[in-house]
Each structure stands twice: as structure tokens, then as C-alpha cells.
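For 127-417, the entry in TrEMBL reads domain 'SAM-dependent methyltransferase TRM5/TYW2-type'. The S-adenosyl-L-methionine binding site annotation in TrEMBL covers His216, Asp254, Leu255, Asp282, Gly283, Asn329.
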Amino acid sequence: MIPPPIQRGMTVLNRELFRREVSVIGVRVPTSLTAKFLKVLNKELFNQPKLRNVVNDPESNLSKVILMNLNVQSLDLDNLSSEAKDLIKKEGLGVIKHSIELKYDYWGVDDIIKAILPEGSESPSSFTQVGHIAHVNLRDEFHPWKYIIGQVILDKIPNIQTVVNKTDIIDSTYRFFKMEILAGENNMIAEVKESNCRFRFDFSQVYWNSRLHTEHDRLVKMFKKGECICDVFAGVGPFAVPSAKKGCIVYANDLNPTSYKYLLENISLNKVNNKIYPYNLDGRNFIKKAVKDLEKNINIVDQTKMAKPMDIVTNTSSKFRTFNHFIMNLPATAIEFLDAFKGLYKDQESLIKNPRADLPMIHCYCFSKSEAPETEIIERINSIISYSMQVDEYKIHFVRKVAPNKDMFCVSFRLSKEVAFLAKERYVHKYIT
């Protein structure tokens, strides 16, 4: 592609400075012979993105101008093949110089930003789109150009109305990033479609990561209609709402009051009010309360409204039921909440006839910087629930690379009876192949 004019050091966008006039050699041909000439001149054509190889002849309506590539610089066509020269001499109408004016709109985000930044800089133009919002994460070295970078993204990317930059690490309590607006509207209310569901939320006050779409789908695909799901750190519902739409019964919680507000809104927006029980509690308190509430609700469930959730029976007692899955998507600290499962079902041991099948699966997200993440993660889990009650079977799934030396994983394991019933004997774990 023809590069834009270099404008090193520009910090306030001046679109008028991105104009370039390009001189091209063109062959004038009769309109009726255009296809024939294009075939013979195929290897010598202009072939520039977003620009035509054939343009109107300014001197006649009966002819066209076929543009040659930029290596052809003279009217004597030195660089053309002998076959092309012979055709032009025999049937062409002459050779002319054609001028093309390129403007700011011609170039893409990377082209403009590279023309502005110091020579050799990588273009920091990558972003995550969340509805109408483009979310960039600029390194400190690019801060002098942050507003111009935001404006170029706003100009060039369709449907983007706001560009924001992360200014701080994620809030450890309420799980959202501090942001600054680089360009566009001060409108942080985003609407997103994911997994055949609609989500609405204030992107500046809740956690949402569009790059986790695949992971949301992966986990939800494991769930079966009628199963009971407990989403401990539900956010605005990216796991909970699709699970409910699938026909699961979901108990969903988030400590952040704003996340809880939009969780309620998304439940209504997707018409799954009768399948999700929302909470606004601390994670440990919610785990214990959800187990008790599920036991209470088991006798008052409206089978017709709840899509017959008891079609899948997970234990032998019709008056008691365990959750099938716990989702713990708070990778920075989720492992620390696993102590809430110690003795979680200690008063129901007689009701759970087959613990290896009826106790819930736990899907716990975490980060690892270790070269041996499996060993590190399992040791951390066992240190929380105590080494005398280790997890039984587990599977570790790589989710994504968060930073050069930081990866996100999901470890899935069945809650063991030793942990659930608070027994004291040691339980040996093994890897699920």
C-alpha cells in the first residue's frame, strides 16, 4: 500500500496533512478492448488497495485509462513486457500521466498511527470492542499520543462511538477497570450480543471481557437442561444468562452492586426471570446460602415454569438436591474462596448416596505465572481446602494469555466427600486424561 505522509510528533490530529498526490502511468485504450488489455497487462497493473486499475478517460467517453504499477515510471514503458508493448503500440490510444489524490480517509488505523509515532514504533492500535466502545490498553510510552490514537480509531472503525483507555489495574473488590475517555461520546452504557443473549451494562463500573466469549460457551456447553448451576462471581451474567436460556436453574451472585443491578436487567432482557435466582453477597456467604436456598426451594419449584428442572435427578432423595456445577470466575482470588466448601454438605451425608456422581463439579478460574502451572495451581487449591482433604480428579484448561508471563486457567474438579462432609482421611488426587 502507498504509505501516508510522515507526520512524526503530531499530537493533535490534523487530517489535512494526510494528503498525497501519486503520479501513475496510464494506457488509453478503446472501451471495447478494455478486457483484452487487462488480460495482457495483468502483471503490470496498478493493483493498490481500495483503488481501481481502470479509470475514465478525461478526454473521451469512448476510451478508458488502464493504470500501470508504480514501477512503471516513464512514458516509454521500459519495464513492460514486449507483448504488452506490442499490443499498446498496435491498438492503444496512447500513454498518459494520471494523477491520484489520496486523503486521510484512504489509510487505515495502523497506517496513520505509524506515520505519527517515532520511527520503529509498533502501532498500538489493537483494541477490544464492547458494543459501541473500543477499549485500548496503552503502554506508558504511547501516552503522549493517546488522544490522537483514540481519535484515529474513532474515525476509522465503523460503529465505534467511544474510545477508552485502561488507567489502572482491575479493582480487586468490584472487578472493574478505571478508564479514561480518549475520543468520542462520554457514554459507557454498552449493549452486547453474546451466546444468543443480550447484555446491557455500564462498562466503567463492571467487569466485561469480550475475549472470554469462547470460554463462556465452552463451559455452558457442559451443562444439561434441568441442571442446577451456582455462579459465585456472576458479574452481569455471561455464564448465568446463557445457562438459564439452555434450561438450567441458576443461582447467580455478585458482590458489586452495579454488576448486580445489570444482572437483574439482563435477566429481564433475556426473559429468564423464572430460571435465575440473583444475589448480591460476599462469595463465601453466597455459597453457603445458595446451598440452603436450593434445599428450601426444591419443594416449591413450579415444574411447568421451570422447564421441569427435576427431570435430571442427582441424588436419591426427592426432598434434597445438590448443585451440579459451581462456577468461580474470579481468577485473581477465586481459589481463596474454596474454603467455603469445607463441610458444605456435612449435614446431608445420608442423603447423598453416590458422592462421586452427585457432589458438584467446581470450575475455578485462576492465574499462573509458573512454568509448571498444573503443579502450582493444585498445590494452591489443596493448601486452601487442607492437605488432609485433597481434590480427587481434576482437569486444567488453558483459557488465554493475559500478559507475556501471565496465563489464565480453569481447573475443574469434583467436590470430594472428604471436603464436603468434613471427613479427616486423606484423599489422593489424580489427573483426568
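Keep in mind that glycine also has a Cβ here, set from the backbone N, Cα and C atoms.
Curation plays no part in TrEMBL annotations; they are all automatic predictions.
If you take every residue in the domain 'SAM-dependent methyltransferase TRM5/TYW2-type' (127-417) and average the pLDDT, you get 88.
Neighbour counts were taken as the number of other C-beta atoms within 10 angstroms of each residue's C-beta; across the binding-site residues Asp254, Asp282, the minimum falls on Asp282. Whole-number maximum of the Cα to Cα distances across the S-adenosyl-L-methionine-binding residues His216, Asp254, Leu255, Asp282, Gly283, Asn329: 22 angstrom.
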